[in-house]
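See below for the structure under consideration.
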Amino acid sequence: MKKFNFRKVLDGLTASSPGSGSSSGSNSGGGAGSGSVHPAGTAGVLREEIQETLTSEYFQICKTVRHGFPHQPTALAFDPVQKILAIGTRTGAIRILGRPGVDCYCQHESGAAVLQLQFLINEGALVSASSDDTLHLWNLRQKRPAILHSLKFNRERITYCHLPFQSKWLYVGTERGNTHIVNIESFILSGYVIMWNKAIELSTKTHPGPVVHLSDSPRDEGKLLIGYENGTVVFWDLKSKRAELRVYYDEAIHSIDWHHEGKQFMCSHSDGSLTLWNLKSPSRPFQTTIPHGKSQREGRKSESCKPILKVEYKTCKNSEPFIIFSGGLSYDKACRRPSLTIMHGKAITVLEMDHPIVEFLTLCETPYPNEFQEPYAVVVLLEKDLIVVDLTQSNFPIFENPYPMDIHESPVTCTAYFADCPPDLILVLYSIGVKHKKQGYSNKEWPISGGAWNLGAQTYPEIIITGHADGSIKFWDASAITLQMLYKLKTSKVFEKQKVGEGKQTCEIVEEDPFAIQMIYWCPESRIFCVSGVSAYVIIYKFSRHEITTEIVSLEVRLQYDVEDIITPEPETSPPFPDLSAQLPSSRSLSGSTNTVASEGVTKDSIPCLNVKTRPVRMPPGYQAELVIQLVWVDGEPPQQITSLAVSSAYGIVAFGNCNGLAVVDFIQKTVLLSMGTIDLYRSSDLYQRQPRSPRKNKQFIADNFCMRGLSNFYPDLTKRIRTSYQSLTELNDSPVPLELERCKSPTSDHVNGHCTSPTSQSCSSGKRLSSADVSKVNRWGPGRPPFRKAQSAACMEISLPVTTEENRENSYNRSRSSSISSIDKDSKEAITALYFMDSFARKNDSTISPCLFVGTSLGMVLIISLNLPLADEQRFTEPVMVLPSGTFLSLKGAVLTFSCMDRMGGLMQPPYEVWRDPNNIDENEKSWRRKVVMNSSSASQEIGDHQYTIICSEKQAKVFSLPSQTCLYVHNITETSFILQANVVVMCSSACLACFCANGHIMIMSLPSLRPMLDVNYLPLTDMRIARTFCFTNEGQALYLVSPTEIQRLTYSQEMCDNLQDMLGDLFTPIETPEAQNRGFLKGLFGGSGQTFDREELFGEASAGKASRSLAQHIPGPGSIEGMKGAAGGVMGELTRARIALDERGQRLGELEEKTAGMMTSAEAFSKHAHELMLKYKDKKWYQF
């Protein structure tokens, strides 16, 4: 007996009501509304045949790992026993690094900048001081660190912290010059305070300034060295509570470091000098040097230099000490880069850096400050890089960094993410890329080797591809939540280098970064790789293991089209689409080759933006350029940037489009098959009756005004924002911009995994793009999209001339954001936003599948173009390919973003592909060779009838059509108040689903083909442009986005991966015995000073020091224990962890009970003793003696 489905009854009732397919409302958060439609009787049959296995229990959103260099770093710390490194940032983030695979990200909820970090050495804890004057204690003994305690200072600002080795008391210096002491275990302030007016001499009337240094003496832990900004240093006796000695210097102090014997210390000053002080003669420096100052005549002071911001004085047992400092260069060398100076004996080595130095630390063999330090490396934290210098070799080489700290080497402009790739790809790419690695690194192992990490159970090959502003492409191995660079491709090598002065003549669309990558398409199976750049070019690459020297083939395409500005009908009104399959004339095919002619003073025509190399080029193994396609200038108009891209290795065809039209190129025969304006694709069935016209002279100016007036109501400072350069997205000052405004700024799209995902226009390719629109002379738009974006039309309108404030004001008018249908949406210019190759049904009456190209536009229109390929394999290299619009039209609300197809059983159909073969393998070329094309097995053996689903997603809704009948089976209005930025059809647990990322921050998952909502989570309440332009989904529940200019954030929407995440993360803390201190020897202990320890608890505890004022600091309990349980519960050891915590809590309560019992017994004994004494006292007295 067949199971009764009540939902189908409701769906049938819904279908019978008018407008049921598109009238569903949106939720309160601007998320999803839904409606289902099945107009034809066949739909109900198909729905019964498909058993959807996905349920909402399969989905959950969770951040997994963050890769890249910490954005805007501010602080650095190192645990010499655990060998882990911590980096704090200006945004309140902390990154903790260990061995490769051990990479943890933490975030302060307040978002305040991290001022300083201090490890509790070998105890699995970290103290952070933030700019909101709060101290935090982090527990590192769990995979997801959490805050245990916080201490908020209310009346003083924190400037410096110091935690002695194996001490439980933290010294905290403040801006007022006072020094407070905090108990690390309880995070409570001690009553012991060193006031600034008691530390300095009574005769001194001026304030010494903030505390810039605190450290205890290596010889005597009872003595504290306090450095003040104005040049005063105080040696404070903690026991006697008085200053033992004071040091005064004319120049401000930046840092201080001890000699390990505790008899001398070194200071760095603002005049570029280093002073060495001896405790026995504090009246003047024992030695004063200006390392980079010019030597003057006798009697004159050396020339002052730039401040030395930090100095470290490290001793060696068998060699001269190391003096390492940053800064201190001479002022006359203004052009010199930031440097780190290493002084070892008489040798002075200056290491120049590419970026300003934020902080550095010397790594030493021992954690004990009173032993020979034996430094072996220096960690240098730069503004945009992290390097480690090997001190054990005389030439001071750097270590090869195993972390992906160079993602931002050139600003990232687009990303692509591929999960479950062919397993041999990673090895192949690595073997090619390793040959091009830099040489000269240290041969020692990476010194930051702490923590523990294993692969985990859930591993499959994953590859991330990033496109960059300099035209480079990087392939990354992203398997097992790690990231390692495999291979780097430089696309700029196919072009001639621009000579000085040539840029304005031929490349006016972009002055800076003309090679910036917009879109990426990659077919892992065929290894075909294709990119489009900001200068309106497309390059097709083929992979080869052999080096070749050959000429680069190039084609030039004219793709410039204009129409009359006729107001279009409302997008909600779906016009009729007649079947024109029988009456369409043959398509117009334009020759793609043109002669490049340019002369000064003549209107530019048929000139590409870049010049392809004409001489033979040596191409190393890896990806080698097969064909370069460039759009050219037409009648003085620059080519529009490409907004959509798709490649089919099986068909040997590449298609791309922009706001003017569509171009289709045969990259096997190197010929242009189609170069047509968007209107011509409709032919006689143009729904909006637009007429072609010749290009107008002031087109760009009109477009500028037209778009500006619609945007001026959204943001008052729009003119300035629209003209921000492309680098504004990738600079370090990353200021969020409202996405609703961003919607109006980006007409192009982003593509991932062969499908498009973009805010307004999109194409079927695998990557994201940085879109077009030239603004005046500067035309560098942020990673992935152009400067503005239209909701329903004209997604690629150019902006080339500036708009004055008066013009902007005149053209502006008031309208609500909800009414997206306005004049800006009704322009007749229609951009190609999505492309997709698939074997499908081009027309209604087709009975067999054939090669097709699906074309989506910014007006929500979908056109199917039929591809007629030669039948015989040998003829494919000689016979022409016919390209013909089929006359089939489908419509949606909003710009089309992505396509996909499913078979009648609900299986996701993959486009056909050609099996990879090395094009330069001599052995294979000698044999008779035929192209081996892999077709989708399910699509190749289907019977006649409605047996293919086509999934189409736009900015507003998703629809599922049955082909060839073109019946709309399902429609889902995803959002009404917002719009979709990224969409992709992905595989999850062997089933297909539609994943969407909305401008309001919602991530939504829908099952296919029914489009039932599976997940709707408000993941990013405060989104910004960078996230919107780089967000991409892939299979197996994975996604990523560029969270900052230097970091990639990966997340999962898979419940299974969320459950197993704890097992995949690395351990930050591993049990290691603390090394024993060296034996000082009898004589050294006798004459070397009082090196014995003293009881800090007795000195700083409440019993002797009293309680601190409650108004001075506020203790805030942290969520560490709760977070620790949540983190442990996610792994296999969750139950054991909970049991252990319960036992610990029970043991703690029993311990407290035992203490109370012991206290009561003590009290009882005291009472008994007192009663006995009282009895003895009055035992022999008479009654009258009382």
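Positions of Cβ are set from backbone N, Cα and C atoms, glycine also.
The average pLDDT computed over the domain 'v-SNARE coiled-coil homology' (1121-1181) stands at 70. Residues or ranges marked as domain 'v-SNARE coiled-coil homology' in Swiss-Prot: 1121-1181.
Marked as N-acetylmethionine by Swiss-Prot on the basis of a large-scale study or a structure entry: Met1.
The phosphothreonine feature in Swiss-Prot is assigned to Thr568 (among others).
The annotation phosphoserine is assigned in Swiss-Prot to Ser589 (among others) on the grounds of similarity to another entry.
What Swiss-Prot lists as phosphoserine is Ser593 (among others).
The phosphothreonine annotation in Swiss-Prot covers Thr596 (among others) and is backed by similarity to another entry.
Under the heading phosphoserine, Swiss-Prot lists Ser599 (among others), citing similarity to another entry as support.
Taken from Swiss-Prot, the feature omega-N-methylarginine covers Arg709, and the record attributes it to similarity to another entry.
According to Swiss-Prot, the feature phosphoserine maps to Ser763 (among others).
Taken from Swiss-Prot, the feature phosphoserine covers Ser765 (among others), and the record attributes it to similarity to another entry.
Taken from Swiss-Prot, the feature phosphoserine covers Ser771 (among others).
The phosphoserine feature in Swiss-Prot is assigned to Ser772 (among others); the stated evidence is similarity to another entry.
Under the heading phosphoserine, Swiss-Prot lists Ser793 (among others), citing similarity to another entry as support.
Positions annotated as phosphoserine by Swiss-Prot, on the basis of similarity to another entry: Ser800 (among others).
The phosphoserine annotation in Swiss-Prot covers Ser812 (among others).
The phosphoserine feature in Swiss-Prot is assigned to Ser822 (among others); the stated evidence is similarity to another entry.
Distant neighbours of the repeat 'WD 5' (253-285): 212-213, 215, 217-220, 225, 227-233, 235, 245-247, 291-293, 302, 304-313, 315, 321, 323, 325, 327-330, 369-373, 1088-1089; these residues of the same chain sit at least 6 beyond its ends, with a Cβ under 8 Å from one of its Cβ atoms. Sequence-distant contacts of the repeat 'WD 2' (114-153) (same chain, at least 6 residues past either end, Cβ-Cβ under 8 Å): 74-82, 84, 86-90, 92-94, 96, 104, 106, 108, 159-163, 165-166, 170, 172, 174, 182, 184, 186-189, 367, 1062, 1065-1069, 1072, 1074, 1112-1124, 1127-1128, 1131. At the 8 Å Cβ cutoff, the repeat 'WD 14' (1032-1055) and the repeat 'WD 4' (213-247) share fewer than 3 close pairs (sequence separation 6 or more) and do not count as touching. In summary, the repeat 'WD 8' (413-490) lies against the repeat 'WD 1' (74-107): three or more C-beta pairs, each 6 or more positions apart in sequence, are under 8 Å. Contact count against the repeat 'WD 7' (357-391) (Cβ pairs under 8 Å) is highest for 74-107, out of 74-107, 213-247, 974-1018. For the repeat 'WD 1' (74-107), the residues of the chain that approach it from at least six positions outside its boundaries are 65-67, 113-119, 121-122, 124, 126, 128, 130, 138, 140, 143-145, 358-361, 363-367, 379, 381, 386, 402-403, 446-453, 480, 482, 484, 1065-1070, 1072, 1074-1075, judged by C-beta separation under 8 angstroms.
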